[in-house]
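Listed features, source TrEMBL:
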- 121, 123, 131: Zn(2+) binding site (BINDING)
- 198: active site, schiff-base intermediate with substrate (ACT_SITE)
- 251: active site, schiff-base intermediate with substrate (ACT_SITE)
Ligand SMILES: [Zn+2]
């Protein structure tokens with residue numbers, strides 16, 4: 001056999017196999033999504049997200065404490081308001097007594113080292129369930145949408161969030177949020193992580209269950225990207241870099257590894273995040289429960305593929 005044919009000598013040992021990765025997963029790469037609801041004592045299992053629950057602010061210590069001990073370094077908060085009065089502009093999103101702002105303060109006090117990101121969107125708080133403010137004909141009214149989203153992001157930053165992460169996909173919101181942070185003395189105190197390439201995916205179903213954020217009519221295809229739209233994704237990533245994003249994100253992750261790879265090339269000087277979304281998580285768990293594969297092996301394989309692609 002030719003010398004050039006033999007590769008196996010390079011990965012015959014577990015250690016030399018680990019060297020074949022450009023980068024290995026570390027605990028500090030992972031951010032745990034947390035659903036915070038407005039019943040302070042809630043611990044409600046989410047049937048479509050096995051093993052995950054909606055939590056009340058009083059239960060956060062019981063939930064997060066053991067994870068922090070295991071090495072969890074960061075979380076991303078999602079508000080799940082169940083009792084508030086929703087309206088056209090998502091007024092409850094930045095209610096100072098709402099679940100997200102209370103949870104930021106609680107977590108900062110409990111775990112000073114924990115990095116706290118907040119998802120920023122209006123859909124959990126609007127009466128119509130869309131991610132922006134609507135015109136009379138139910139289309140998105142872009143300028144008030146962006147202004148409102150920037151206001152909510154600013155409120156989370158002022159409450160102590162280390163990072164705000166707009167998931168709404170409204171054009172121009174990165175620039176507006178960055179401006180609002182700078183103008184209020186938080187430009188150097190809060191990271192802006194943009195859901196830059198967020199696709200209109202079938203994989204968000206369990207999240208909508210968890211967050212109660214399904215739109216009451218229509219869908220989100222006018223602002224989330226069409227799944228085949230590689231070019232649009234590339235433009236969105238480049239735009240958000242120019243508008244001041246500190247971190248770029250691709251969402252979902254597994255069906256969009258090529259977009260992750262593109263993002264790594266288009267924004268090589270930015271940290272690149274990807275979101276393994278609720279439906280991906282549910283698939284991984286469901287396959288393991290059906291005996292298709294071992295859960296832990298598959299969990300690592302999926303996340304390693306994202307790191308390999310450039311996350
Ligand atoms: Zn939304």
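From the backbone N, Cα and C atoms, a Cβ is placed for every residue, glycine too.
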**Message:** Taking 8 Å from the centroid of the Cβ atoms of 121, 123, 131 as the cut-off, which other residues in that chain fall inside it around the Zn(2+) site?
**Reply:** 90, 122, 124, 126, 130, 132, 167, 168, 213
**Asked** Which residue, of the binding-site residues 121, 123, 131, has its CB surrounded by the fewest other CB atoms within 10 A?
**Response** 123
**Request:** Between residue 123 (Zn(2+) binding site) and residue 198 (active site, schiff-base intermediate with substrate), find the distance joining the two CA atoms and give it rounded to the nearest Å.
**Result:** 15
**Asked** Given residue 121 (Zn(2+) binding site) and residue 198 (active site, schiff-base intermediate with substrate), what distance in Å do their CA atoms have, once rounded to a whole number?
**Response** 13
**Item:** For residue 198 (active site, schiff-base intermediate with substrate): intrachain residues, at least 6 apart, with Cβ closer than 8 Å
**Value:** 167, 169, 224, 225, 249, 250, 251
**Fill in**
Per DSSP (three-state), residue 198 (active site, schiff-base intermediate with substrate) is strand
**Fill in**
One finds that other Cβ atoms within 10 Å of the Cβ of residue 251 (active site, schiff-base intermediate with substrate) number exactly 25
